[in-house]
């Protein structure tokens with residue numbers, strides 16, 4: 001079994017093992033294997049020649065990684081990767097356990113525990129934190145019947161720990177008034193790919209800058225799109241996992257990309273974004289690249305990174321919904337400060353009134369206006385119903401917090 005390359009990404013075989021160079025390349029003998037080693041500026045690729053013995057060892061390792069337990073007739077066991085959010089509110093943690101057979105209902109999964117003192121979520125003298133399984137996705141790395149499990153965290157007494165934002169979000173979405181409105185979300189998650197060790201965007205010269213913004217948004221070509229293999233691998237892995245990923249595109253700043261999740265109903269929007277972030281972190285780990293959700297990774301005349309949140313309720317989607325949308329936007333205006341406080345750390349560096357943002361201190365809305373706090377689409381205005389886009393959330397926002405506060409303000413809150 002020949003290990004695959006990063007450019008021909010197969011999640012079964014981590015691409016860092018080896019790349020088979022085609023015999024048609026000048027000066028390279030057939031069946032010679034190389035290991036890609038990125039230099040500091042990522043381009044070009046340096047290579048190391050492996051001996052046949054080394055290649056055989058890597059091939060054996062990749063065979064073991066690719067072992068499909070569901071095809072083994074002597075076991076029904078599966079591997080469940082439990083995933084939770086660490087103490088910073090953005091660091092994802094995970095560990096795996098063996099289960100006796102396939103599981104499709106999170107309520108049938110066992111609770112588990114972890115050392116909260118090692119994640120900044122509990123003191124050392126009382127460090128046990130309990131994981132409650134909440135959502136299941138197919139595992140694109142192990143495949144077969146193996147699963148990814150999104151969990152939230154509780155004390156042994158059953159109280160949600162302070163960093164558990166899912167619990168309070170679920171309470172809002174379970175309110176009868178909210179549930180009846182069937183809130184839909186479409187979240188546009190932007191992120192930046194960085195060169196490992198130097199924390200500088202992928203494709204950028206070390207200590208320098210690429211050409212000005214303009215050709216990179218949805219751009220094509222080696223001088224415009226940096227990291228497309230990672231992006232496409234993530235896209236396919238999310239589809240495989242059962243995440244309702246609806247698209248991807250290159251962003252305005254080179255090295256920056258976006259994926260969209262939705263429409264998703266209520267609490268599932270947060271579960272799917274966190275699962276998609278986990279898969280992205282795992283793929284960049286394999287590729288030797290760092291993913292950043294910082295809302296302004298590069299100061300100066302470069303676009304920041306957001307998580308524009310598209311939103312609608314049943315009343316907004318029905319005839320006459322445009323008037324409901326305008327009333328909801330007015331509520332958002334009245335609670336602008338509360339929403340900004342909930343929309344991500346460091347957002348003041350991004351919401352400057354430049355680079356397709358509104359100033360953080362002022363609320364505004366408009367039709368087709370990407371410089372406003374809230375944008376309404378032309379189709380929504382024309383049809384008199386639809387959805388709107390809250391452009392304020394930062395890329396590092398917690399989707400449980402953002403989706404629930406939007407529902408709370410627009411449905412439950414009475415001015």
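Yeah, the Cβs are placed from backbone N, Cα and C, and that goes for glycine too.
As annotated in TrEMBL, region 'Disordered' covers the listed stretch 99-125 rather than the other ranges in 72-98, 99-125, 126-152, 153-179. According to DSSP, the secondary structure content of the region 'Disordered' (99-125) in residues is 8 helix, 5 strand, 14 coil. Within its own chain, the region 'Disordered' (99-125) is flanked in space by residues 76-80, 82, 84, 86-88, 91, 93, 131-136, 145, 147, 149, 151, 153, 161-163, which lie at least six positions past its ends and keep a Cβ under 8 Å from the stretch.
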